[in-house]
Amino acid sequence: MSVSQVTDASFKQEVINNDLPVLVDFWAPWCGPCRMVSPVVDAIAEEYESSIKVVKINTDDNPTIAAEYGIRSIPTLMIFKSGERVDTVIGAVPKSTLESTLNKYIS
C-alpha cells in the first residue's frame, strides 16, 4: 500500500472514518527535515501495509486541518485510531522510534 495524499476535504473520510490505525505525516515541500523523514514514512507504509494506513498532508495547501490539530512545527507525525488522535511524534525521528510508537497501537 502506497502513501496517499489527503486534503482538508478528504481528511475525515481517509483518517477519521478509517477502520485501521492511521499514521498522518504533516509536511511541506520546503521543509528539509520533512524530506529526511519521507523515506522512513514510505518504508513504514510498505512494512505495515496490512496493519495501518499511512497518509501525508501538505500543511501549506491544507491549513485548516493543520490548525485544527495545532501543528506548530513539521514534520509532525500523528497516529489516529478509531477516529481519535492517540499519539504524536514531532521531528525527523529514526525509523525505530516511529516503529516503537506505532507498535503500541497495532493489535
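Backbone N, Cα and C define each Cβ position, glycine as well.
Pulled from Swiss-Prot:
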type	residues	note
ACT_SITE	CYS31	active site, nucleophile
ACT_SITE	CYS34	active site, nucleophile
DISULFID	CYS31-CYS34	disulfide bond
DOMAIN	2-107	domain 'Thioredoxin'
SITE	ASP25	site 'Deprotonates C-terminal active site Cys'
SITE	GLY32	site 'Contributes to redox potential value'
SITE	PRO33	site 'Contributes to redox potential value'
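Separation of the C-alpha atoms of PRO33 (site 'Contributes to redox potential value') and ASP25 (site 'Deprotonates C-terminal active site Cys'): 12 Å, rounded to the nearest whole number. The Cβ of CYS34 (active site, nucleophile) has ASP25, TRP27, ALA28, ILE74, PRO75, ALA92 as same-chain neighbours under 8 Å, each 6 or more residues away in sequence. Counting other CB atoms no more than 10 Å from each candidate's CB, the recorded sites GLY32, PRO33 peak at PRO33. In the three-state DSSP classification, GLY32 (site 'Contributes to redox potential value') falls within a helix. Averaged across the domain 'Thioredoxin' (2-107), pLDDT in this predicted model comes to 96.
Non-local neighbourhood of CYS31 (active site, nucleophile): ILE74, PRO75, each in the same chain, at least six residues away, with C-beta under 8 Å from its C-beta. Helix, strand and coil counts from DSSP across the domain 'Thioredoxin' (2-107) read 37 helix, 27 strand, 42 coil. Other Cβ atoms within 10 Å of the Cβ of ASP25 (site 'Deprotonates C-terminal active site Cys'), summed over all protein chains shown, number 27.
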